[in-house]
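As recorded in Swiss-Prot, the features of this protein are as follows:
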type	residues	note
ACT_SITE	Ser102	active site, phosphoserine intermediate
BINDING	Ser102, Asp242, Asp244, Asp246	Mg(2+) binding site
MOD_RES	Ser102	phosphoserine
Amino acid sequence: MGKYFGTDGVRGVANQELTPELAFKLGRYGGYVLAHNKGEKHPRVLVGRDTRVSGEMLESALIAGLISIGAEVMRLGIISTPGVAYLTRDMGAELGVMISASHNPVADNGIKFFGSDGFKLSDEQENEIEALLDQENPELPRPVGNDIVHYSDYFEGAQKYLSYLKSTVDVNFEGLKIVLDGANGSTSSLAPFLFGDLEADTETIGCSPDGYNINEKCGSTHPEKLAEKVVETESDFGLAFDGDGDRIIAVDENGQIVDGDQIMFIIGQEMHKNQELNNDMIVSTVMSNLGFYKALEQEGIKSNKTKVGDRYVVEEMRRGNYNLGGEQSGHIVMMDYNTTGDGLLTGIQLASVIKMTGKSLSELAGQMKKYPQSLINVRVTDKYRVEENVDVKEVMTKVEVEMNGEGRILVRPSGTEPLVRVMVEAATDEDAERFAQQIADVVQDKMGLDK
């Protein structure tokens, strides 16, 4: 990660860390690095945003920066992040930009770029933009007079994206009753339209954005109300998206959460059965549940683990030409259809499996036994030394012997804080908590910041 770019673009508190001034520079310098210096005099750039109140302010500044470098900007309005990624590629744009802080609270916002291929930027491209941001007054082109171009609104882009999504399934959803939670974000109008167009009977919550209520006690990070609504309305299942629509979490007919691991398993199992799963492989992160890997093994499906973060999942998928991957948190990437995590796409693919198999979501998800998980964070002096600490290794080995293959241990440094994360999965909740505490106590004793 650089000075400005994190694992998912540039983020910060809107108008404090992510200011209009910074948004202007990101538009100008990002537009130059990713579009203008390819030799295009007026490169086409698509700009979308979520429902945050700060979105319009940052959008105006960003577009001004892009136009100042000579870009022809098409404003998509409120749309999901994967919608921007798809349209950038489909419409032959040089660059796509999304203004969103995903599942973060309303005070935050972010700016992320997509190249002409629809993929997020490489580290090298981000470093090039950062180098310009740190210069006093970089000498870049400034078109004048007739060389300054208008920007245009292309709000029809959302409909084009939804039509594409609809074309990826071969069935309609007549007879399915589905509750949709739009997190008061980008999918608030997109999801009901898409599922309604596919003839599902839909109920909605979290689909009334007012600029301030995005992700507030709703969406994929807060599926409790969705679970209540599914049971109350006797629906077949529910789907919760996050603020920018790149994540999804499901709820079965009994109000039980079905997470990203289970969704990947259900879709992967169907793809494998139909010989559509490239190299019989699903890419996940080290945080996926042990039950996920055991269920895949029983189906004859291979798995490949990456570091935590959907960008690492996508990198591995591209490297190995794999077409399904994702995270427990609900970022699911289906590379046959889009270049990034796509909640709406995943949702209709999941609904398609439910419709075609005639099985309930609880029945499909129940094929994967989730192991109870316990996570303890320990504040430490040097998080990176945990992997070489002899005492920590010793207690981990001891616990592994005691678990006898019915569990998993993951001890890793946090990517953003001075913490070591101790995660243990075991046969019972009690075992998971006991083993995690056992390891965390040693980490605290030998490396703890607060000891």
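Any Cβ shown, glycine's included, is placed from N, Cα and C.
A C-beta separation below 8 Å, combined with a sequence spacing of at least six in one chain, links Ser102 (active site, phosphoserine intermediate) to Asp8, Thr81, Gly110, Asp242, Gly243, Asp244, Asp246, Arg247. In the three-state DSSP reading, Asp242 (Mg(2+) binding site) counts as coil. Taking the centre of the Cβ atoms of Ser102, Asp242, Asp244, Asp246 as the Mg(2+) site, the nearby residues of that chain (Cβ within 8 Å, site residues left out) are Asp50, Ser80, Thr81, Ser100, His103, Gly185, Ser186, Phe241, Gly243, Gly245, Arg247, Gly341, Gly343. According to DSSP, the residue listed as 'active site, phosphoserine intermediate' is assigned to coil rather than to any helix or strand.
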